[in-house]
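A short worksheet on the structure shown next.
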Amino acid sequence: MALTENRAVLDWIDEMAAMTQPDAIVWIDGSEAQLEALRSQACATGELEKLNQEKLPGCYLHRTAVNDVARVEDRTFICCEKQEDAGPTNNWMAPAEMYARLKPLYTGAMKGRTMYVIPYSMGVVGSPFAKYGIELTDSIYVVLNMAIMTRVGQSVLDALGDSPDYVKGLHAKAELDPERRYIVHFPQDNTIMSVNSGYGGNVLLGKKCFALRIASCLGRDEGWMAEHMLILGIQNPAGEVRYLAAAFPSACGKTNLAMLIPPAHYQEKGWKVWCVGDDIAWLRVGEDGRLWAMNPEYGFFGVAPGTNAKSNPNALATTRRGTIFTNVVHNLDDDTVWWEGLDKNPPEHAVDWKGNPWNGTVSAEKGAHPNSRFTAPAKNCPCISPEFESPRGVPISAIVFGGRRARTAPLVYQSRDWEHGVFVGSIMASETTAAATGAVGVVRRDPMAMLPFCGYHMADYWQHWLDMGKVLGDKAPKIFNVNWFRTDDEGRFLWPGFGDNLRVLEWIMKRCFHEADAVETPIGYEPKAEDIDLEGSGVDRATLEGLLKLDTAMWLDEVNAIRAFYDKFGAKLPETLSQELSALEARLH
Ligand code: GDP
Ligand code: PGA
Ligand code: MN
């Protein structure tokens with residue numbers, strides 16, 4: 001039975017059901033009873049496996065198809081009327097042509113299956129900045145993940161009332177055929193269509209599809225920003241909590257930084273880190289003229305490998321109840337889960353991510369997929385911020401960009417001002433990871449970590465950043481760049497990372513409040529080596545100096561690479577950014 005009388009919603013669902021032809025339609029009301037019944041049903045069909053309920057209460061395991069383990073950027077489209085509005089970094093097709101191409105893929109795709117109607121909210125239901133969506137899907141796995149990642153159910157429909165202002169999402173697993181897999185966005189229709197996939201980033205439509213690709217378009221039109229950023233609060237020994245937002249590409253450390261545990265002597269002095277969000281920030285200028293950030297999500301969709309009790313006890317603790325694990329190792333001895341980097345004791349009697357018997361003590365192959373994931377409720381996180389449910393979010397003092405660069409980028413530097421900071425974001429580059437299909441470890445430009453997520457022309461997006469800076473004026477956050485991933489000649493990381501990253505964040509925050517000094521370099525301001533606290537880090541002063549060192553020849557090469565990248569954007573490239581590039585080149589000479 002329908003849970004709303006909203007005509008726009010009912011008509012759209014009728015239309016989608018006529019096309020996909022499900023046997024039944026089930027509305028998700030958000031009740032625990034309904035979700036529990038769906039979990040049982042999924043266990044009965046093998047879609048989920050229930051794990052050891054004493055060790056991992058409320059936890060389940062799922063495996064995707066072997067060819068369906070990451071976001072598919074080459075099959076992701078922005079379908080606006082004019083190609084020039086999608087820009088050179090997005091796949092594009094005219095909306096009418098794409099709707100026509102998708103129709104046969106969806107026709108009859110839900111025959112013999114149930115269509116679930118998931119009303120969900122990005123942001124606190126009923127709050128001024130919340131936005132609503134409805135996802136139709138034939139996957140219980142999607143329903144259960146959406147119920148962790150977003151606020152779902154009747155309350156969302158009540159808040160929507162009879163408004164037609166919601167984002168439509170249609171997901172069908174179809175045959176999971178990678179050749180006919182499409183992740184498509186129609187910004188002018190507020191519509192998302194995903195077909196032939198069952199992997200999180202492709203099918204949990206509230207996340208990258210809505211909260212970044214569609215929302216970036218809404219933000220441009222309405223004067224706010226949707227960004228691929230974690231949000232965290234740093235409490236200093238004086239008890240003040242200062243907030244920053246940080247954009248890193250997928251699998252470059254957002255979730256880990258968001259749940260950082262301070263090094264021991266920082267803890268003794270009273271430092272604490274509060275997690276507001278780990279992946280997406282919606283940013284607005286507040287009534288006080290400052291930039292405020294809220295996390296529209298309700299859970300974490302984190303990378304499992306590498307998560308352990310040493311690198312990130314908070315992330316690990318977050319996954320110990322109410323969590324769905326995807327493509328990790330199933331430890332048959334005690335019915336729990338394992339992944340590479342969890343501990344040094346891989347299970348002997350286990351099933352790998354592909355569903356095959358696996359003996360971790362002898363196998364040369366990885367047991368968990370490198371992009372295996374956990375979907376966990378935000379409220380599980382031991383350091384979840386008291387502001388997590390604050391509808392207006394938190395005021396941002398610093399914006400931090402970063403990525404994986406083995407050589408070029410120093411550990412940290414500060415931009416000269418907002419415009420230069422936008423330049424620093426626009427030239428971000430990072431080695432590719434397993435979060436998307438394709439080669440891993442190849443350096444590519446990923447402006448503001450939004451390359452795969454910006455729903456319109458990237459140059460217009462940069463202009464939007466510049467315009468936001470004008471509105472913010474002297475209340476604008478300071479902008480920084482970090483790189484935790486610099487390596488030595490043997491490819492070993494020079495910086496310990498994880499909790500030790502607080503040493504860098506401390507300097508960043510002090511810079512925002514005029515409490516720390518800096519040295520001017522051609523690329524921006526860097527800390528004096530003595531201003532980074534190394535106590536207990538295992539890093540010596542010489543290594544730190546190496547981490548902060550600039551190689552001018554390498555940066556001159558970088559200038560050329562940036563110029564070639566900028567050339568793609570033609571006349572749309574904001575003049576300010578080409579001036580910043582020339583100024584950087586002049587300073588390097
Ligand atoms: P996200 O996808 O951006 O949220 O990235 P995650 O926080 O999930 O981290 C992705 C991978 O990078 C995991 O394997 C982490 O263990 C690793 N990682 C995260 N932070 C650091 C760090 O500071 N240093 C190093 N060396 N690795 C890190
Ligand atoms: P993430 O992306 O690696 O940034 O968490 C998740 C995804 O959508 O695949
Ligand atoms: Mn993450």
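From the backbone N, Cα and C atoms, a Cβ is placed for every residue, glycine too.
Note that the structure is predicted; figures quoted are calculated from it, not measured.
Same-site candidate for substrate binding, as annotated by TrEMBL with Arg71, Tyr199, Gly200, Gly201, Asn371, Ser372, Arg373, chosen from Ser121, Ser127, Ser250, Ser426: Ser250.
Mn(2+) binds Lys208, Asp279 as TrEMBL records it, and from the list His228, His265 the residue named for this site is His228. Of the residues Arg290, Arg404, Arg405, Arg407, TrEMBL places Arg404 in the same GTP site as Ala251, Cys252, Gly253, Lys254, Thr255, Asn256, Arg373, Phe498, Gly499, Asp500, Asn501. It is Phe498, among the binding-site residues Tyr199, Phe498, whose Cβ has the fewest other Cβ atoms within 10 Å in the structure shown.
Annotation for the binding-site residues Arg71, Lys208, Arg373: lowest Cβ count within 10 Å of the residue's own Cβ, Arg71. Non-local neighbourhood of Thr255 (GTP binding site): Leu230, Asp278, Asp279, Phe300, Gly302, Val303, Ala315, each in the same chain, at least six residues away, with C-beta under 8 Å from its C-beta.
The Mn(2+) site, placed at the center of the C-beta atoms of Lys208, His228, Asp279, has further neighbours from the same chain whose C-beta lies within 8 angstroms: Lys207, Ala211, Leu212, Ser250, Ile280, Ala449, Phe453. Taking every pair among Arg71, Tyr199, Gly200, Gly201, Ser250, Asn371, Ser372, Arg373, the residues listed as contacting substrate, the largest Cα to Cα separation comes to 15 Å. Within the same chain, the residues at least 6 positions away from Cys252 (active site) whose Cβ sits under 8 Å from its Cβ are Gly402, Gly403, Arg404, Ser430, Thr433, Ala449, Phe485, listed in sequence order. Each residue in the domain 'Phosphoenolpyruvate carboxykinase GTP-utilising N-terminal' (11-220) has a pLDDT score, and their mean in this model is 98. Taken in sequence order, the binding-site residues Lys208, Ala251, Asp279, Ser372, Arg373 that lie near ligand 2, meaning a CB under 6 Å from one of its atoms, are Lys208, Ala251, Asp279.
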